[in-house]
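**Student:** Can you keep this structure in mind? I'll have questions shortly.
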Amino acid sequence: MITPLTQRPAWKALEAHYQTIKGMHLRQLFADDPKRGERFTAEAVGLYLDYSKNRITDETLHLLVQLAEECGLRERIEAMFRGDAINVTEQRAVLHIALRAPRNEKILVDGNDVVPGVHAVLDRMADFSDKIRSGDWQGHTGKRIRNIINIGIGGSDLGPVMAYEALRHYSLHNLSFRFISNVDGTDFVEATRGLDPEETLFIICSKTFTTTETLANAHTARRWMLRQIKDLEGVRKHFVAVSTNAEEVARFGIDTANMFEFWDWVGGRYSMDSAIGLSTMIAVGPENFREMLAGFHAMDQHFYSAPFDRNLPVLMGLLSLWYNNFFGAQTLAVLPYEQYLKRFPAYLQQLTMESNGKHITLNGSQVDYQTSPIVWGEPGTNGQHSFYQLIHQGTRLIPCDFIGFCQTLNPLGDHHDLLMANLFAQTEALAFGKTEDEVKAEGVPDWLCPHRSFEGNRPTNTILAERLTPHTLGALVALYEQSVFTQGTIWQIDSFDQWGVELGKVLAHRIGQELEDENGKSLKHDSSTNALIQRYNRLKQK
């Protein structure tokens, strides 16, 4: 029997500790400890984490680490790396860590070493990518492939899109990359607008090859291609698949020789470094892709071996939990001061909320505490001119992760210094604010002072790296992956299933059939849903 989280000694100690610390201000914490900005830092795999601007003391950190230990975080990390079936509800191993393991490592699933299979797929991906990049792979009519379109949804889209945007600086610029995920026909129409089918390759990404949205778009892609090529066999040169289901891939009409596999022990939201990343490898090349994998692996090893109080993913996970469960914070803002990371917050939304958006524990009981925060964000400095006002002076506590780089990939005058000056200024302003006395000293009228003062005491992490490289990106993604794992372990939930996604799929399939009944006589929903369907059926005919 698992001891309920809220009954653990460290949890109770943290509840008491929160009462003593909740009124402390970061101004005082920094004044009392001139070296706080040096002490509350950690560094690994090229990432420097400054967590000094958090509402914590040494005692807070000690108790949070104690909580992680009491909740069996060390044992669960070891279980994941061993290949145990820690995805309890689906009885599967969770081994995205094997996707980036070096060739000489050995990781067993049901007694079988999976690492050779991983590298066999990576080698096939590299061979295929080189053929596309060099022009050796040609379409049915002999034209060179110039357009790559990835069709997928969820983890089969968010990871590839994020990685492509993040590593666009390293991409081959004579190839265009587009991504289709939404079943809304507009997504397909706009993604294919202006493209020559004879120069276009579709990568169909679906673990089961039965995902409704992906298959709908894949069939539309095939029809789009056939209008130009008019030869079903010829179309084969324009489609490849990433899937675990060879039978369905063949049924669709893709040669299974052009199927790149991955495995049931890879969850969709953890799959960007598997064959799902084929579009990424084509864009940046096999060498850069392997550098990204090396960054993932290095962070995995740090997570596995570093003491919890110096362990970047553990520290970030514990800090997020601290605000979520004790301060009542409900969201986390991720704010990359790097335009190439513009899709990173959206990627983290799925990673975090699909993993830890759960209310049932591993032993089947309902939680009596908050689980996953809502993750959101935009690149700096854009966000400063939209939602930062709420973070500074609103009524909600919103912890923030700031991400920045010391070197820009695109030197342009003093742009990068301006960008980073804003990052540093925001973390300082959020922490220390501006008192009414400071505002008055500037000659501001008394009536206006409350409006122009800032409470501060808003917690932030700052992650700094030298520059955005494939290796850095891999380390950064793995950092958040393992932070999510840390939180899910402490909350005693299964971070690797997603049953909430399934119910909507079932209902959508049923309603899809009902939309074909224009009279609506077969509707058996609630009065609201029935009325909406009837109105839709009536108006779509106009």
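Just so you know, glycine gets a Cβ as well, placed from its N, Cα and C.
What Swiss-Prot shows for this protein is this:
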ACT_SITE  GLU354  active site, proton donor
ACT_SITE  HIS385  active site
ACT_SITE  LYS505  active site
**Student:** Can you give me the Cα-Cα distance between HIS385 (active site) and GLU354 (active site, proton donor) in Å, rounded to a whole number?
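**Tutor:** Taking the Cα atoms only, HIS385 (active site) lies 29 Å from GLU354 (active site, proton donor).
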**Student:** Determine, to the nearest whole angstrom, how far the Cα atom of GLU354 (active site, proton donor) is from the Cα atom of LYS505 (active site).
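**Tutor:** Per the Cα atoms, GLU354 (active site, proton donor) and LYS505 (active site) stand 15 Å apart.
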**Student:** On a simple 10 Å Cβ count over all chains shown, which one of the active-site residues GLU354, HIS385 is most densely packed?
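**Tutor:** The largest 10 Å Cβ neighbour count belongs to GLU354.
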**Student:** What are the non-local neighbours of LYS505 (active site), defined as same-chain residues 6+ apart in sequence with CB under 8 A from its CB?
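**Tutor:** Long-range Cβ contacts: THR212.
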